[in-house]
Amino acid sequence: MLEEQNSDIERKQDHIEINLKQNVNSTLKSGLASIKFIHNALPEINYDNIDTTTTFLGKYMKAPILISSMTGGTTRAKDINYRLAQAAQKSGIAMGLGSMRILLTKPDTIKTFTVRHVAPDIPLLANIGAVQLNYGVTPKECQYLIDTIKADALILHLNVLHELTQPEGNRNWENLLPKIKEVINYLSVPVIIKEVGYGLSKQVAKKLIKVGVKVLDIAGSGGTSWSQVEAYRAKNSMQNRIASSFINWGITTLDSLKMLREVSKDITLIASGGLQSGIDGAKAIRMGANIFGLAGQLLKAADIAESLVSEEIQLIIEQLKITMLCTGSCTLKDLAKAEIML
């Protein structure tokens, strides 16, 4: 058991180090570059009246932005999460934590996930891999994760390709949907289903909605490729070649977003995967997202200082607001109907 716990910590340390130092982006792009807004040269709007506010999980947000789940479980992760949470609170946006599975076997890692004291008002998301439900994790333990960090929702992430490209990954994905349904019915907060960089299809979305999922995080191809991360972690040529061969795998963020919005007009959609700016975020909202998530550039900033994270978030918000003014959009509802090139 101790060896397994140490392996979990080493893996998390590897993931942070590789993401910070290597180019692990998918060779696919998010697809959002193909969306072209029609510029409005006479918007008839006062910039100071532009409203980027929204609600998520019953909480007010100053902007429709989620700091996507990244890390936890290590000393370095503790500092990163703390800085991200401080910046999220200051900016009035949401934050997801990295996978918390390690907390179930190594309780002393709680301090690396505990951020509610510095971010009392934000939508805060707990997180664990859905496949862990096939390896003994129970709905009660999922509730424990929520209670421990005072989360507003639980992310169950679907990371099948990532698991299959790491030597210690989980292989059994059989009969997982009924277990997801059990968790949904048991928990005191909503369940968010999130991919990790390969997108959600229409068929998968329909299954998840049928069992009661109300929020989906697309996490499409275009950003971090976790198979490429594992290629850097590989201990031998075979592992490296297997992982590297999937660098261009997945459904792009734009394709996934369009498919899922066709499935349901009511479900809350988070667009993430390769978004780099507030302009990308505006495009995602125009194409059907309720909020948008970013990770990579915020991770790099958070490894240095909270002030850099806050600066990056303010840049993204400013880009969003300028895009709104230049499309004649005073609110996010207006932005969702802004004119685009067809």
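Cβ atoms are placed via backbone N, Cα and C, with glycine included.
On a predicted model such as this, the values are computed, not experimentally measured, just so you know.
These features come from Swiss-Prot:
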BINDING   Arg11, Lys12, Ser99, Met100, Arg101  substrate binding site
BINDING   Ser68, Ser69, Met70, Thr71, Ser99, Asn127, Lys194, Thr224, Ala295, Gly296  FMN binding site
BINDING   Glu163  Mg(2+) binding site
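Annotated features taken from Swiss-Prot, shown on the structure.
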| residue | record | DSSP class |
| --- | --- | --- |
| Arg11 | substrate binding site | helix |
| Ser68 | FMN binding site | coil |
| Ser99 | substrate binding site | coil |
| Glu163 | Mg(2+) binding site | helix |
| Lys194 | FMN binding site | strand |
| Ala295 | FMN binding site | coil |
Q.
Let's check the environment of Ser99 (substrate binding site): how many other CB atoms sit within 10 Å of its CB?
A. 24
Q.
An 8 Å radius from the center of the Arg11, Lys12, Ser99, Met100, Arg101 Cβ atoms defines the neighbourhood of the substrate site; name the other residues of that chain inside it, in order.
A. Asp8, Gly72, Gly73, Gly98, Ile102
Q: List, in sequence order, those binding-site residues among Arg11, Ser99, Glu163 whose Cα sits within 10 Å of the Cα of Met70 (FMN binding site).
A: Ser99
Q | Shortest C-alpha distance to Lys194 (FMN binding site) - which of the binding-site residues Arg11, Lys12, Ser99, Met100, Arg101 | A | Ser99
Q) Of the binding-site residues listed here (Ser68, Glu163, Ala295), which is spatially closest to Lys12 (substrate binding site) when Cα positions are compared? A) Glu163
Q) Using C-alpha atoms, which one of the binding-site residues Ser68, Glu163, Ala295 comes nearest to Arg11 (substrate binding site)? A) Glu163
Q: Run through the Cβ atoms and count how many others sit within 10 Å of the one on Arg11 (substrate binding site).
A: 18
Q. Compared by Cα position, which of the binding-site residues Ser68, Glu163, Ala295 is the closest one to Arg101 (substrate binding site)?
A. Glu163
